[in-house]
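Q: Have a look at the structure that comes next, please.
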Amino acid sequence: MLNLVLAIVLSYLVGSIPTSIIVGKLVKGIDIRNYGSGNPGGTNVIRVVGLGWGIFVILFDAFKGFFATAFIARWFYSDALILNLTTLQIIAGCFAVIGHIWTIFAGFRGGKGVSTSAGMLLGIAPFDLLISFVIFVIIVAITRYVSLGSIISAISFPFVILFTEKILKFKHHDFFTILIFGSIIAVIIVLRHRSNIERLLAGNENKLSFRKKS
């Protein structure tokens, strides 16, 4: 039980590292939450700080989720736990996502959790993540709405798991657990995009642009 608690706490703390806020402070001396869309995420860093820093934030935020599933869960896994390794990886990854969204280091005002969720899924279901990522790229390429791509790819993920398991006969280590937690993460991501959904419906959502705003 102690190992489970330690895995959860460490995963949450790693997920809580506010990458975009740190970059905004160090590079431009600003709180990124007060500029652009107000979301402390990679896309807003691209808009406000620049493409290179935005990509760095996206990759580092993804690494937080991957680190929790691929390393933290394995460090604290033992035969004494009633959970199997896959379940512990998912729990650790979910708490990294929770830490990113409700970061203890920035007043519990974090990002939407897309990149960290992607990193988490990279550690447990990389093939399914790749398919969802292709869906994301297609949606963003067509519409230039990153939020729409994030929402649709998140919603698609549980269906991708079903497709790869039942149609492609790709066997997951713990299919039902991954499906359940993948669905929970999808719901969280959609709920975190409520304001984006409102702007999309109103026709005034920000489109992706690689030109830095002054």
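Using N, Cα and C of the backbone, Cβ positions are placed for all residues, glycine too.
Annotations in TrEMBL come from automatic prediction, not curation.
Look at TrEMBL and you will find 6-27, 48-76, 88-108, 120-139, 145-163, 175-191 tagged as transmembrane segment.
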Q: Does the transmembrane segment (175-191) come near the transmembrane segment (48-76), with 3+ Cβ pairs under 8 Å (pairs 6 or more apart)?
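A: They do not touch: fewer than three Cβ pairs between the two stretches lie under 8 Å.
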Q: Tally Cβ pairs under 8 Å between the transmembrane segment (145-163) and each listed stretch (6-27, 48-76, 88-108, 120-139), then give the stretch with the top tally.
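A: Against the transmembrane segment (145-163), the leading stretch is 120-139.
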Q: Hey, which bits of the same chain come close to the transmembrane segment (120-139), Cβ under 8 Å, at least six residues off its ends?
A: 62, 65-66, 68-70, 86, 89-90, 93-94, 96-97, 145, 148-150, 152-154, 156-157, 160-161, 163-164, 170, 172-173, 178, 182, 185
